[in-house]
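Asks: Sharing a structure with you now.
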Amino acid sequence: MGKVYVFDHPLIQHKLTYIRDKNTGTKEFRELVEEVATLMAFEITRDLPLEEVEIETPVSKAKSKVIAGKKLGVIPILRAGIGMVDGILKLIPAAKVGHIGLYRDPETLKPVEYYVKLPTDVEERDFIVVDPMLATGGSAVEAINALKKRGAKSIKFMCLIAAPEGVEAVKKAHPDVDIYIAALDEKLNDHGYIVPGLGDAGDRLFGTK
């Protein structure tokens, strides 16, 4: 059964304050999102398995630990998820990066995939799906669906800010997926924005509307 983790680390909360602030410019916003993604990746990878190897220091031979051959994949949901990728790759530079693009069907209002590019060895990888916002949960649910349809067995979802409605939607559709959140906000408003949230993450990351 998947769990929900909300990070209360002081550095994450400090940086989130400036991410939320409407007066934060594009450059600083982009840097802060990347930094928080790095801090969250540190926590998410805490359970990676280790194995012992023998090395030689300048002083003597020694036994030490390395990550036990895990294959990791980072999957940003386009377009805002791209802003979190480099922060994760700073800690896990060998991870493969895929992409999932979704658009909202004008009639059903449900997300539909228009672009999926994944590593070839999907079944062998542990995936982290990233998107700054988890609002209604529709995009996250569909992105995880896209991975599972292609054989993914191990999936985590990571976002900066979530609404309770989005968390419940992902838990209901994918009860096996762990959800990692920097902040759990109050609710969604009538327009589907998280309150208090941070506005449109994609617009603020790329300086476009």
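Note that Cβ sites are derived from N, Cα and C of the backbone, with glycine treated the same way.
Positions annotated as 5-phospho-alpha-D-ribose 1-diphosphate binding site by Swiss-Prot, on the basis of sequence analysis: ARG79, ARG104, ASP131, PRO132, MET133, LEU134, ALA135, THR136, GLY137, GLY138, SER139, ASP200. The uracil binding site annotation in Swiss-Prot covers ILE194, GLY199, ASP200, ALA201.
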Asks: Would you count the other CB atoms within 10 A of the CB of ASP200 (uracil binding site), including those on all shown protein chains?
Replies: 15
Asks: Using C-alpha positions only, work out which of the binding-site residues ILE194, GLY199, ASP200, ALA201 is nearest to ALA135 (5-phospho-alpha-D-ribose 1-diphosphate binding site).
Replies: ILE194
Asks: Which chain-mates of GLY137 (5-phospho-alpha-D-ribose 1-diphosphate binding site) that are at least 6 residues away have a CB under 8 A from its CB, listed by sequence?
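Replies: In sequence order, GLU165, GLY166, VAL167, GLU168, ALA169, VAL170, ALA173 meet the Cβ cut-off.
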Asks: For ALA201 (uracil binding site) and ASP131 (5-phospho-alpha-D-ribose 1-diphosphate binding site), determine the Cα separation and express it in whole Å.
Replies: 9
Asks: Using the Cβ centroid of ILE194, GLY199, ASP200, ALA201 as the reference point for the uracil site, which residues of the same chain not in that list have Cβ within 8 Å?
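Replies: Those within range, site residues removed, are PRO132, MET133, ILE161, TYR193, GLY197, LEU198, GLY202, ASP203, ARG204.
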Asks: Which binding-site residues are spatial neighbours of ASP200 (uracil binding site) here, meaning Cα within 10 Å, out of ARG79, ASP131, MET133?
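Replies: Passing the 10 Å Cα cut: MET133.
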Asks: In terms of DSSP three-state secondary structure, what is the assignment for SER139 (5-phospho-alpha-D-ribose 1-diphosphate binding site)?
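Replies: In the DSSP reduction, SER139 (5-phospho-alpha-D-ribose 1-diphosphate binding site) maps to helix.
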Asks: Helix, strand or coil by DSSP: which one applies to MET133 (5-phospho-alpha-D-ribose 1-diphosphate binding site)?
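Replies: Where MET133 (5-phospho-alpha-D-ribose 1-diphosphate binding site) sits, the three-state DSSP reduction gives strand.
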Asks: Find the longest CA to CA distance in the recorded 5-phospho-alpha-D-ribose 1-diphosphate-binding set ARG79, ARG104, ASP131, PRO132, MET133, LEU134, ALA135, THR136, GLY137, GLY138, SER139, ASP200; express it in Å as a whole number.
Replies: 18
Asks: Tell me, by DSSP, whether ALA201 (uracil binding site) is helix, strand or coil?
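Replies: The residue in question, ALA201 (uracil binding site), is helix (DSSP, three-state).
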Asks: Among the binding-site residues ARG79, ASP131, MET133, whose Cα is within 10 A of the Cα of ILE194 (uracil binding site)?
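Replies: Of everything listed, what lies within 10 Å of ILE194 (uracil binding site) (Cα to Cα) is MET133.
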Asks: What three-state secondary structure does DSSP assign to ILE194 (uracil binding site)?
Replies: strand
